[in-house]
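Read through the structure below, which is laid out as structure tokens, and then see the notes.
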Ligand SMILES: Nc1ncnc2c1ncn2[C@@H]1O[C@H](COP(=O)(O)OP(=O)(O)OP(=O)(O)O)[C@@H](O)[C@H]1O
Ligand SMILES: Nc1ncnc2c1ncn2[C@@H]1O[C@H](COP(=O)(O)OP(=O)(O)OP(=O)(O)O)[C@@H](O)[C@H]1O
Ligand SMILES: [Mg+2]
Ligand SMILES: [Mg+2]
């Protein structure tokens, strides 16, 4: 198992596993301090995630957008960019999908793919703005993506309110049946959980991430740009175009998260007062997964399951769901600071000689 | 032992006697991201359920949604756990309640502030415009500067009803008064409310009516601060009698919206076997579901309150048609 | 638009800006020492939480108008507590600084809300603090037109923030401590070889950033909201981070950036006073501060240079 | 000189790094008032030993005596207290700071809470005068030359009252003038009672200035002997463990067609001023043209213009009659220019990439390595394996990150890549900076080999010796202009040095061009 994970992620499985255990432990201690029953809480959590087909299906639904936004942030990281704007790109993805889903009417084999593509392009375009501003004007992408998140929120509300609104509903019209990407038979199998094709696309995106970045010419170029822009210039790679392209792809990935929320889960877009947090959670997922596609997938599964299961803890053990964010935070913390875990392991197993610290 | 954060907190009003026929019943509500302690809407609903628990010994529970995808899954949590009635609290829950109702024809659901046409759902809406009209009358007659403010949360139909009713009320009694409208874009951002109130008061307004949930707390904070600095300004609260929270010095009156009553009543009807399934109930002045709290007498003069009663009667009789959202 | 309106706008701008100024000062100290601090949001959350809770309890215990000051102190303290996590992780254990910052945001958001629920019987929000800060007018100066209203009628915390800008500017650029701090952030091994304790400097800077960001969060709870809930801090930490970069890691620059953000925020309220605003979709008004920020960045500032060793862990013998 | 006192004695010092014993039971003795050279190949353990003396590393075994007292040097602070100062191989200067700020850092004179800059400036000026260092206390490090930066480093140690000075490869980055000035400064320091450890790869300098030399190989001391009784060949042999030819045998050049023609080239520098002022020269196939000059006279801009990294204001650059001025780096690369860049970490390598990916940095997109947009890693691996073997790049595997290679091997990897592109014109900028004699020998041989194969080689170096040894023709660049051309056989470093600073025979005197 360890070997397998090592082969996939290029790292040891010990650290993440110990990190998860420590995270849950910290959560348990905090629950005990608060006077809650951690065993009941975790049992409720597991029950919520695996207890029945419906919740299992919905857990997958919760995981899906996190895979996309996690990949988005990780992709940008890999190309030397810090994309805090997955949130905004997610919203723009939703908006693009909604526009097509609501306002054009086409046969399903065109409509759904078109909605997916337009939504993805919206997200990509939104990411590209930050990329362009960085490339052309040298504006730090961290600031622009933060600002663009807010602009996206309000812009999307404007578009929904003024062009797509179903009167009196506070949301857009429902998208056409032909644009939806739900999987009816699977939903029925899983007691009406909201299953959709986006889950499969998310897995494809993981593969795409890997193949594109490490197997293609363009991926190679983007990695050179990310790691050493000077060398990239010398090698004849257009750095500015690389930055724009990288942000575009990152935006497409985040946009797809929004696309499938609209086309597969909500089937409409609501006017929203605040951010959903999926984009920000994407940062955590990317970090949890070490900016590695398979890592992101595993990170999203962990993050999504814990988040979804939190409602179960709340229901079954009356534990405030906030506890789960502490657990997730702690897990990331220990993943990020493997030194601490090694230190702990060393204390625990003094006989075993630990391998020299990498410096 | 384990604390139960979902229970506890006594309801002050009425007796704890009542019948105990609710023992076998389970009631639940799902809030949006605001949570049950938002000092207005959700809290009011939860108080209604707690009150019911106290009176009938029924079991009550809630789940807070962390984001929109949770609306449906949280409702389903209760539906699947065979709760007798599950409330969706707030406009935003509409689609989720509809979906859950359609997929679970045997379950009973209810929704506040939205209409879900399904045989197993009770929909409760309020005629906020009517109540707002009355506080508009109070504001129109109380203002000394002839400038009045309205701070809204998000520009959605429910809040639009507050605005339109309020403006109509003001104009009815004081056609010269100007109403400054400010939508902050959020229901839970007191800082935005405070800034909005500051600019409106600075512009010369002396009364602000807010329909902005937690954002409105900022309006109160700004008013209290001005009071400390020796400038007398008023706030008209919303949903609950907010003078109880923010004090009489700044709270002119409040536009009550008895969500607690509605939740209590409809749930009680379920126990009594009279659940209004498939019925859309609009609660307005006639039902005493909107209006002014008794504490209004502290700051609002007798003459004005008489005027309010006058208009109230006219609205109930249909003589005055209060505008509502387009 | 008359002069009084401008004065009022300035005044509102300062209210928004105060927290941003404080937090961005924290960000500057930390980043000047070479430690990325994307956890400002979390540190502010911690500060706002502690401030609301302790001011409330102080008020209930009868401390009266001293309560907000107690709250402020508690905010700073709690900020330090979380900053300590960041410091240990990034400085001693050389964890990725961005990751650690995000973790701070996570843990702060989760744990404060959890604590609120424990302390306030399940409520998602602290009880309302009545003893909050009030604006004070500086005699004479507050009678100046425009500026009097805009600048000299403000919360004590605003003055505190402005004083701290001066103090930190002086410290960074005039004192040995500042020289050493900047050296550590630019070229830690240069500092090390002249006997400066790099890690100790970084700890100091990060903990101070906890103090400042904690104060920043506290001012929000103690001036505008009067309570702490899940979104008392929602994005201000990130805006403060933007102010750090926008202000080129310089306290005066960050002050300017923070004021700019505050001003942009207050514009949208002022706009809504005018009749034409009802013809402009409100969403565009909400967008305005953010659009303005980008435009200013594009137009005026351009590339800003981060401290040389920002984000790089340091250990002796590193090449 | 009477029997000198021992100021430093290191006994049986052992220091291990993961996988390597950097210092293996080393003994080292420094006498008062001497200049003691430390000589050894790259990675022999010289820097490590001195870092231990300066308290940056802790040895696993061994004792250190300073002024005959046993001491534990647990940090630079302790070393400074003991009067030890170190000028590091890679300068430890804070670039945005001024000279004074760098010097006083860590022991600032105070006035109340504030740094007393007035006093600090005065003190820096005084010290600068006393030791003839001639630095401007107000200048920013960013704005001064490398040689000047080094003097700041020296001042730093003097300011702290150091009596024992360690110089780690101080001349690797200096111009000939600067080198002779530095040697002068060192003599001056010794005459004022300081003792000096000098780490260098340049045998000539050791012969010129050192009293004693200690030779280290693979962490072990091979020998320690007075310089007086030895010669460069003997030292080189001791150091490498085999015979090294310090002279390069070079056949006469067989000149061919012009390969690179630069005509009245004008290029703007970083400050927007003209860095190249109508520079013209012609480079023919089969020759090595050396560009000699003091750093900062337009060499970097010339390289950047030739490779397409910097826009050209006017003038023309032709490669085999094809105009490439202002073309993109890729067009130029495809037209037949290869570059061994000045800064191997900045332009030469992606340090985080494995060797194999670095080997195709400019050719990854060609059909050889790329099939319909996908990288052909089989071909890439084969290619990398071949280059690694042919150019003797010592790396555990082609999957090893470039970062983990030693400087010499990183340089070999770059040369392998660039030479293998089979360019018409090979630009070699500072190809041997910081490398040991063995590595230098290897690289020089490769460059000559290219020239013998009929390639045109443009050598840009601040090291006169290298220029003199390799070039068939030398062009001197000064303020962006070629101010003269000489035949290496008919010149010497004195004459070249003067041309480089544009001093006509009549002028002379110490250079002062750095202080503006
Ligand atoms: N920080 C370190 N971590 C791991 N290994 C190191 C470190 N520093 C030095 N080494 C190892 O110690 C050996 C000696 O290195 P050192 O820098 O002392 O060589 P040197 O003689 O100064 O070489 P050069 O002439 O290239 O400067 C190196 O080969 C390297 O393997
Ligand atoms: N941080 C490090 N960790 C592990 N090994 C290192 C590290 N730095 C250097 N080394 C090892 O040290 C050896 C020599 O490196 P070093 O940097 O001393 O080479 P160098 O020839 O001195 O290069 P340069 O002169 O460019 O500094 C290499 O084999 C490398 O594996
Ligand atoms: Mg070296
Ligand atoms: Mg060395």
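The first residue you see is number 1, and the count goes up from there.
Including glycine, each Cβ sits where the backbone N, Cα and C put it.
Where the annotation comes from TrEMBL, it is an automatic prediction and has not been curated.
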Annotated range (TrEMBL: transmembrane segment) out of A:221-242, A:243-264: A:243-264
Annotated stretch (transmembrane segment, per TrEMBL) among the listed ranges A:162-184, A:323-345: A:323-345
Stretch-level contact, the transmembrane segment (A:12-36) and the transmembrane segment (A:323-345), CB cutoff 8 A, at least 3 pairs: yes
Among A:56-77, A:142-160, A:195-213, A:243-264, stretch most in contact with the transmembrane segment (A:114-133) (C-beta, under 8 angstroms): A:243-264
Stretch with greatest number of CB pairs under 8 Å, the transmembrane segment (A:56-77) reference, A:142-160, A:195-213, A:296-317, A:323-345 candidates: A:296-317
Tertiary contacts of the transmembrane segment (A:195-213), as residues 6+ beyond its ends and Cβ separation under 8 Å: 57, 60-61, 63-64, 67-68, 71, 74-75, 78, 116, 180-183, 186-187, 219, 222-223, 249, 253, 256, 259-260, 263-265, 293-294, 296-297
